[in-house]
Amino acid sequence: MRILGDGQMEPDEATESRRFSRTSMPGPLQGDGQDVTTILHLVHHLIHDEEDDEEGKDRPSQPMQNVGEQGHMALLGHSLAAYISVLDRERLRKLTTRILSDTTLWLCRIFRYENGSAYFHEDDRDGLVKVCRLAINARYEEYTTEGYAVLSSKQPMIYQSASCRPGLGQHLCSQLGLPLSSLCTVPCNTIFGSQHQMDVALLDKLIKEDIDAGKLPLLLIANAGTPGAGHTDKLSRLKELCDQHSIWLHVEGVNLATLALAQVTSAVMAATRSDSMTLTPGRWLGLPAVTAVSLYRHEDPALSLAAGLTSSQPVEKLRALPLWLSLQYLGHNGIVQKIKHAAALSQHLLLKLKSVACVRTSVEDEQNSPVVLFKFSQELCAGSSGGSVDGFCAGEKEVLDTFNKWLAEELAHLVPCSGVDVVEHEDEGDWVRFSPLLTAAVLGTQQEDVDELVQKLLELVPMMSSTMNLRQDFREETHRRAPFLTYIEELSWPGLGAVRYESQAEGIDESRREQELKKINKALLTKLQELETDIFFSSGPEFVTEENCIFVGMVADDVDVSELVDTISTLGRDIEESGRLLENMTERVRKGILEAELQLQKANEEKLMEEGMLRQLPLVGSVLNWFSPVGSSIKGRTFNLAAGSLDSTDVTYSTKVQAGRTSLQDTPTLSSKRVSGRKLFRRPGVGSDSMSETSSIGPADETSREECTSVSTNLLPSMTQPDKLDHAARRPPNIQGTPDQVEAEEERQPEGQEVDLSGR
């Protein structure tokens with residue numbers, strides 16, 4: 001088990017295992033069989049080898065759970081159970097009875113459930129199914145002989161809280177063969193008390209209505225720690241109500257783990273009076289492959305046997321063996337210490353969250369709650385700097401839920417040992433959940449991990465707040481730049497917003513426009529991702545409703561939204577007009593080639609007319625050209641890409657300069673200060689680094705360059721003789737002669753070829 005768990009093999013064994021690749025694995029079963037070593041090598045390879053398919057390449061491999069010594073003890077129990085099952089019947093009966101009785105006694109004492117029996121089951125819902133069948137057998141006396149026919153006289157009713165696990169009641173009805181009309185979901189409190197606790201007064205009313213309708217209230221499912229919020233129902237009042245109407249009370253939830261502690265809240269302590277409850281010690285203690293346990297009280301063992309809670313088969317009693325070994329390995333103190341450590345982590349996080357701004361917590365009992373829910377709330381930091389806060393955007397609740405989902409994913413990625421996840425509540429939106437009783441034992445969560453979690457939260461929350469504040473500004477700035485930009489309302493994107501650049505091309509069909517739009521926005525996204533900025537640009541989530549959009553991620557409070565949107569618009573126009581220029585240039589080149597072919601054909605015809613037919617014959621033409629040479633009259637041609645014209649090369653050879661040279665860079669481009677090496681889109685005066693970086697490339701430098709250029713061009717006409725001599729000493733090496741000759745030579749330079757008099 002250690003070799004398989006650690007992934008370590010001997011060097012020669014590792015070399016041997018290379019034979020077991022996915023492509024070389026045999027399909028049919030081999031005829032002669034294989035030895036144990038070869039089979040174990042194959043198992044090792046299947047466990048630790050990375051997937052070869054495409055999905056495996058993109059998905060990072062997840063490390064195996066570090067089960068530790070206590071986990072090995074639990075895994076050993078499965079092997080021992082298989083071994084014990086081959087013993088003789090009498091010895092097997094004694095051994096299984098001892099294991100079952102010991103485990104039941106220990107669990108009842110640890111979790112304060114006196115005089116209880118235990119049922120061990122793999123599916124944590126299976127215990128509730130068997131308990132409900134026991135309740136049916138107890139309430140319907142003729143059920144064992146008449147079966148489901150007796151249920152038609154009085155329909156059994158099962159009550160559950162609206163905060164129960166999703167699908168629990170439906171699973172129960174399907175396993176028992178009951179109609180869904182037998183399931184009654186009781187709403188939670190909406191005015192008084194917790195919004196996750198069952199409304200006891202309404203439950204009492206529903207029970208009385210069912211009794212008046214000729215139905216039989218059978219079972220009530222209560223929570224000691226709801227799956228989402230970790231809240232506990234009013235179990236004392238529920239027990240009194242169940243005793244009044246002879247209803248079976250079943251309790252489940254993560255808070256039942258705190259029954260093992262020395263100090264237990266009265267709300268959870270009331271669970272010990274219930275008729276049954278389901279425990280999951282494997283998750284609480286970090287024990288792999290350990291069954292769940294349902295503790296129950298009933299006096300008639302025959303009904304328990306009929307319900308399937310007990311079995312006469314000794315092999316089925318061996319389900320308790322892994323837990324029996326693990327409990328002995330940990331001991332009572334070790335069990336209590338693990339649960340106490342998890343509860344302390346929740347209290348430590350709750351204490352730390354009180355000092356974090358813009359974070360709201362939701363706990364039932366701050367002193368003892370083992371589950372902590374927290375979420376980012378813009379209402380708590382509406383006075384933060386940056387942006388407008390006059391209503392953040394339409395669908396604010398959906399946006400906040402999206403932000404909190406992103407927060408949970410980021411925290412889980414940055415601090416994987418924390419075990420945080422996201423839970424959805426219909427009325428309160430999405431929350432980040434920290435439930436160490438379910439994760440700490442497996443992940444090995446320590447107090448340092450909680451401190452790191454709070455530190456990462458302090459880094460993420462200000463960015464979320466500033467992004468929420470600037471969303472409205474981003475929308476308004478995008479609307480100002482219409483029709484070039486279109487704001488996209490995408491509530492499922494955790495960021496500043498989404499924008500799409502609209503093509504300004506006219507006279508094209510819809511399919512061509514769609515292709516052009518996709519091409520431009522794809523190139524625009526690439527350009528934005530290449531900028532030196534901390535802002536994240538993306539093509540959007542996987543199941544986005546809008547296509548060809550650019551999604552802007554989280555931003556800091558010093559981001560200049562106007563400059564950001566202006567950059568997107570300018571880059572979009574630059575890309576579009578560059579593409580249009582390329583298309584125009586392509587058309588010009590095509591027309592130029594056709595025109596050049598026509599002129600060459602015309603020149604050949606003129607040559608034939610001038611030289612005559614005899615000069616075209618190879619032998620005769622050579623003799624005539626020897627005695628009477630002729631000068632070539634063919635003129636060279638040059639193609640001007642900017643003008644799209646075919647010109648003569650006479651001017652080029654006479655002046656040594658290509659005529660009509662113009663710059664092709666006449667399309668709008670991003671200014672130099674925006675593509676420099678500094679972080680972009682920062683408002684001036686916010687950070688010291690933005691001030692220092694922009695100071696060297698700001699408007700003052702550009703003005704100074706213009707002044708320097710004007711001085712250099714206007715300096716020549718007004719120079720005196722000493723100035724000319726000084727200039728002669730600093731003239732470029734390719735200009736020779738006296739100062740007067742230098743001045744005359746400079747006047748002959750073509751436009752754009754002035755000698756730089758400033759020495760640069």
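Each residue, glycine too, has its Cβ placed from N, Cα and C.
Under the heading region 'Disordered', TrEMBL lists 1-34 (among others).
Sorting each residue of the domain 'PDXDC1/PDXD2 second' (396-467) by its DSSP state yields 51 helix, 11 strand, 10 coil. Feature annotation from TrEMBL assigns domain 'PDXDC1/PDXD2 second' to 396-467.
As a summary of secondary structure, the domain 'PDXDC1-like third' (478-580) carries 44 helix, 15 strand, 44 coil according to DSSP. What TrEMBL records for 478-580 is domain 'PDXDC1-like third'.
Marked as region 'Disordered' by TrEMBL: 661-760 (among others).
TrEMBL lists 661-674 (among others) with the feature compositional bias 'Polar residues'.
Marked as compositional bias 'Polar residues' by TrEMBL: 709-721 (among others).
The feature compositional bias 'Basic and acidic residues' is assigned by TrEMBL to 747-760.
Looking just at the domain 'PDXDC1-like third' (478-580), the mean pLDDT is 85.
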